[in-house]
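According to TrEMBL, the protein carries these features:
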DOMAIN    51-168  domain 'Phosphoribosyltransferase'
Ligand code: OMP
């Protein structure tokens with residue numbers, strides 16, 4: 001499930017302007033090589049994080065998914081879930097709970113691995129899905145918690161990659177099928193291609209006008 005095409009194009013433009021989306025040669029977690037990389041850790045200012053939270057919040061509200069709380073998997077999901085909770089409150093008038101995990105469980109203080117309040121229907125907020133490994137770890141983590149279940153996942157970028165070469169569906173489609181939940185994305189790889197195509201067409205037109 002993707003956001004509307006104008007939202008997706010706006011998000012691609014925003015990510016490029018922040019240099020969060022970069023081109024080059026990148027080695028992915030899955031061992032694959034990619035000509036582009038989306039690094040959510042590079043939304044490093046209050047303004048960028050505010051806008052990012054708003055993109056997520058709009059995509060969530062547009063999807064109609066029903067949930068009771070947000071969950072941001074450590075580490076990158078933590079500021080994302082916080083930014084989304086703020087945007088949902090400020091722009092959509094809903095005061096939703098949010099929680100996140102520690103990578104190492106604490107034995108003192110409030111203890112445990114989860115910080116914040118988990119409620120029955122959990123919406124996972126993550127950055128990117130490539131092969132789907134990270135999101136499966138979050139699903140396992142939530143499955144181990146009492147009285148909660150994941151009702152959906154939201155990511156900024158769906159890379160539309162397959163789990164493995166010989167599998168026909170994308171990693172996201174496989175996650176949706178395996179867990180019977182929707183995966184919402186603000187933008188997909190195809191939105192990036194459309195954006196690049198439009199930019200190239202613009203440059204070609206300009207070049208023709210000048211020669
Ligand atoms: P999978 O676990 O293969 O789905 O990869 C998702 C994770 O890879 C993300 O949570 C990131 O840590 C990282 N990643 C990015 O952040 N951006 C990308 O464009 C690609 C990856 C990646 O390594 O595949």
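Each residue, glycine too, has its Cβ placed from N, Cα and C.
Caution: TrEMBL annotation is automatic and unverified by curators.
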Secondary structure composition of the domain 'Phosphoribosyltransferase' (51-168) [DSSP: H/G/I, E/B, coil]: 40 helix, 39 strand, 39 coil
Arithmetic mean of per-residue pLDDT over the domain 'Phosphoribosyltransferase' (51-168): 93
